[in-house]
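To keep things clear, I will list the structure first and then write my remarks on it.
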Amino acid sequence: MFLTRIAKKDMRDLLRLYFIMGSNNCQSDPKHVLEQAIKGGISLFQFREKGNAAFSGEEKYHFAKELQSICKKHMIPFIVNDDVELALALNADGVHIGQDDESAEAVRRKIGDKILGVSTHNLLEVEKAIAEGADYVGIGPIYSTETKVDAKAAQGTKLILEVRNKGINVPIVGIGGITSENAAPVMKSGGNGVSVITTISLSADPAKSARELKELIDSLG
Ligand SMILES: Nc1nc(C(F)(F)F)ncc1COP(=O)(O)OP(=O)(O)O
Ligand SMILES: [Mg+2]
């Protein structure tokens with residue numbers, strides 16, 4: 001899909017409402033939840049299959065392929081978390097890696113011009129991710145979260161502010177406990193979008209939850 005690296009402006013647009021989900025983030029059918037989230041206006045999707053009762057091997061591959069085909073149908077780019085080999089096997093649109101995964105430099109060499117996102121928790125990690133070819137950085141956890149069992153302490157928007165005050169214009173998405181009620185500070189501090197799991201994946205009406213969040217983000221410019 002990408003013959004060259006994605007432009008910053010296009011990356012910022014994709015990050016506006018970034019839905020992340022795996023089978024253990026849902027109580028109803030994940031395929032239906034994804035369809036509804038897309039209907040509600042998400043701009044990007046990340047397949048994050050990890051933690052208790054997560055699929056692996058063949059099951060994980062086929063589950064990923066099902067969700068990827070839903071994204072393709074609606075022209076929503078499909079990002080794979082952690083599992084670079086799976087991303088390549090699926091010809092996914094990109095990967096997201098953390099500090100404990102293989103280096104961004106090594107992953108960039110494997111994926112060519114696909115989208116590369118990196119989880120960051122301090123200024124050094126942000127600068128290193130940029131130097132190694134990241135197209136965006138995830139900054140968080142902004143607020144406390146139950147979704148990620150090994151999450152670090154919530155840091156609010158201070159790192160987003162620090163990065164922007166240093167004049168660094170890397171595309172930034174906030175992550176961690178974000179809902180319609182607390183999303184505004186992420187955008188006002190200089191984030192380009194918000195990534196969410198629970199507020200959509202466990203919603204009684206995922207389309208409505210996505211729509212409310214998207215309308216809020218769009219109202220903040
Ligand atoms: N999946 C993610 N996506 C983002 C994104 F920026 F896309 F919103 N930021 C952070 C994470 C966390 O990823 P995870 O694999 O659980 O933990 P770690 O970062 O420790 O590897
Ligand atoms: Mg990871």
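Every residue gets a Cβ built from N, Cα and C, even glycine.
TrEMBL does not curate its annotations; it predicts them automatically.
All protein chains shown were included, and the count of other CB atoms within 10 Å of the CB of Arg48 (4-amino-2-methyl-5-(diphosphooxymethyl)pyrimidine binding site) stands at 23. Secondary structure at Arg48 (4-amino-2-methyl-5-(diphosphooxymethyl)pyrimidine binding site), as computed by DSSP, is coil. Annotated 4-amino-2-methyl-5-(diphosphooxymethyl)pyrimidine binding site per TrEMBL: Gln46, Phe47, Arg48, Glu49, Lys50, Asn81, Ser119, Lys148, in sequence order.
In the three-state DSSP assignment, the secondary structure recorded for Asp82 (Mg(2+) binding site) is coil. The Mg(2+) binding site annotation in TrEMBL covers Asp82, Asp101.
According to TrEMBL, the domain 'Thiamine phosphate synthase/TenI' annotation covers 17-200.
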Check: Which value does the mean pLDDT take for the domain 'Thiamine phosphate synthase/TenI' (17-200) in this predicted structure?
Finding: 97
Next item on the list: Around ligand 2, within a Cβ distance of under 6 Å, which of the binding-site residues Gln46, Glu49, Asp101 show up?
Entry: Asp101
Margin query: So if I draw a 10 Å sphere around the Cβ of Asn81 (4-amino-2-methyl-5-(diphosphooxymethyl)pyrimidine binding site), how many other Cβ atoms end up inside it?
Written below: 20
